[in-house]
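Written below as structure tokens is the structure these notes are about.
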């Protein structure tokens, strides 16, 4: 860990030296392109009302017919930059040009009218509508007073055929897989005449197989003459399909490069200011007695549909059990069963922490047993945006005797605790009194992790602990999880990041349709592709192998 | 220069100034002698001991209801029930003041406590409905205002009414029940001390105790509070109890401090004014003092203006309307904040 911080300091110096170099490179780049770019942003600065500077004097340009990667850590300002192209935000300063003409994009409709389409990270579809209805939303073909449904289907099919993206126009969106939903989003943009297509982290929710399919589709679109902006922090993918890359760091542009000219290491160094190594040395930790025991856990919804079936596993002190699976295969319900969140469903079986049944216990009782929980959604569950960092840090321990004296909270102890955690977790902020909502996503997540990890929990449930955070923050969070493991905590790690679950976990459970379909020891030896087969339900182990999750032998 | 973190203060000041400017414009249109009228409106409330006393007397009930509403708003409960409770607790305190006789200082204490406790219990009803069944507290509390007013008026008419009086008023309070005047030459009563103490207590409660912390977190993000292990339903019921207690105490103190009989035959309006006070105070207990004084000041100003010039006191509702409108309009002056932010960002 100490070497990590050393690295950071070294890297900071390094980037200062390279910055002047980069400027030369940039100028050279622009000099060679004589034609007017399709889209150009000059000197863009964006400050949000809460004081967050998302972009600082950024230049960005797109050539017709290219796939342009926009890479950067989370909170580097990628999404904000794209929101400005799509008219969802207006720049505080700077200009946008389309084919050399200065434009002002005040709403997404302005952007759509100029041939810009965006596929958001969280899909903007109406789940209860059919594909065709979603496709024509806001531009419905009319027949009398109603919508001309047959025409909507014809339009959908025509667009799908034209771009070779197969979808079923009559299917309901809520029944579609994530990959399919994404396809609908892309088609939706194309139907509205998009020539520039912005994809915000399109692969974050896809399996490796679905990702490959998406790449094929993007290549096709490129051949059709479309220009694509591909936002990602997965460098392998950027290298695989992008022509040029713009790298953002801390809201500023670090330069534009031909993707072929830069290596993954160079990109990541520019993104973070240091080399990314997602390899960890895990010391052997002897297994203690089981902390969490889940036996014959079944959960079904009101209609009687099974959400979890015969789930059995144990987690011992000093052990990290990873849970992998495509989203929506029962992970949600499993976590709810472990954290007192099951509501509106029927369940049976045992869920015990150190021998105490918790399946139907309330949250406070579960927390008092020493269970900590890093929730997936840091905004709606994990924090109170308008409250200060220190208020957010004490939310699970404000009752404790160390923080209270008679009837009053001890401000000095709280301040001390907050200062220590801010330092320990390298939370970048102006001080413990700053509202947490002003922090970047990664720093906000560090606050959540700091709160949950610092209480020395018996059991920690970490749900997507590094989703949407930069590599630096992810590394720090991983290290903290491993530290807890050494301190004999039991850890359940649920994550869609395959690299993370494979690398961090001592053993791995794969969930598919509410069941555990595989138990994998030493997962770091397994390839992401093989894991993908289990996740898609193509492969599964026999019952006996899966039962090993109970005894770990 | 101005910093963006002072923006809310600047914004509130700007809102008040704009409202005053609009008031001046209206006065200029209506009045034959606008300069004199504006002078009366602005300076008359402060130019004699009696007038300053009037401002403070009026600020006392506003502080009570402003504090009650601030607590509710802090917990993100948009509850406007302080109105009905203020009225009904006044009736309860009056009943105690009329029908009991207790020696020394005990009489007002008992009367006020009775009013406060009844207020707390009544307020718990919308609280429980919200906490247990998620019934919208705005709807239930507004309904409750009407119910409480109806019952209160019934009690006044059939239980407390003095048939010998010429108006619809209660019997006279026992002398022992009345609150003492604390500053000679004015009607300022011990209620001022009570409310100031209450505000300081509320400040400590909110920012320095674990219950206050629970309240603030529940208000900031209820699902975060629940996730952290707080029993948010209990917190919601607690804040309703507290707010009801404070509003009820306000009604009781007002009745015993300012009147010798109970004589409200309509809702006095202090509960809804409390919402305005809370908005101006940004739901901070200590700021309630200033904003209640300000509201009382412009009210007394308008009153005096009506008496001494040709502009009616109703003009004040225009000022209030403008203030409420602009304070609740989130986009107001946003562009200016953005510019300040941009400047700070460039300097950073």
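Every residue gets a Cβ built from N, Cα and C, even glycine.
Quantities reported herein were computed from a predicted structural model and do not represent experimental measurements.
Feature annotations, courtesy of TrEMBL:
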TRANSMEM  B:12-31  transmembrane segment
TRANSMEM  B:51-73  transmembrane segment
TRANSMEM  B:85-102  transmembrane segment
TRANSMEM  B:108-129  transmembrane segment
TRANSMEM  B:138-156  transmembrane segment
TRANSMEM  B:188-207  transmembrane segment
TRANSMEM  B:235-256  transmembrane segment
TRANSMEM  B:315-333  transmembrane segment
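Counting Cβ pairs closer than 8 Å and at least 6 residues apart in sequence, the transmembrane segment (B:235-256) and the transmembrane segment (B:138-156) reach fewer than three and form no contact. Beyond the transmembrane segment (B:51-73), the same-chain residues lying 6 or more positions past its ends with a Cβ under 8 Å from any Cβ of the stretch are 44-45, 79-80, 82-83, 86, 183, 185-189, 191-192, 195-196, 198-199, 202, 206, 215, 219, 239-240, 242-244, 246-247, 249-251, 253-254, 257-258, 268, 270-271, 273-275, 277-279, 281, 283-285, 288-289, 291-293, 295-297, 299-300, 303-304.
Below 8 A, the CB atoms of the transmembrane segment (B:138-156) and the transmembrane segment (B:188-207) form no more than two pairs separated by six or more positions in the chain, fewer than 3 in all. The transmembrane segment (B:12-31) is not in contact with the transmembrane segment (B:108-129), judged by fewer than 3 CB-CB distances under 8 Å for residue pairs 6 or more apart in sequence.
Among residues of the same chain six or more beyond the transmembrane segment (B:108-129), those with a C-beta under 8 A of the stretch's C-beta atoms are 77, 79, 81, 84-86, 88-90, 92-94, 96-97, 100, 102, 135, 137, 140-141, 144, 148, 176-179, 194, 236-237, 239-249, 251-253, 255-256.
Through the fold, the transmembrane segment (B:188-207) approaches residues 53, 56-57, 60, 63-64, 67, 70-71, 74, 112, 179-182, 215-216, 246, 249-250, 253-254, 256-258, 284-286, 288-289 of its own chain, all at least 6 residues removed from its boundaries and within a Cβ separation under 8 Å.
Using a Cβ-Cβ cut-off under 8 Å and counting only residues 6 or more beyond its ends in the same chain, the transmembrane segment (B:315-333) has close neighbours at 7, 10-12, 14-16, 18-20, 22-23, 26-27, 30, 276, 279-280, 295, 298-299, 301-302, 305.
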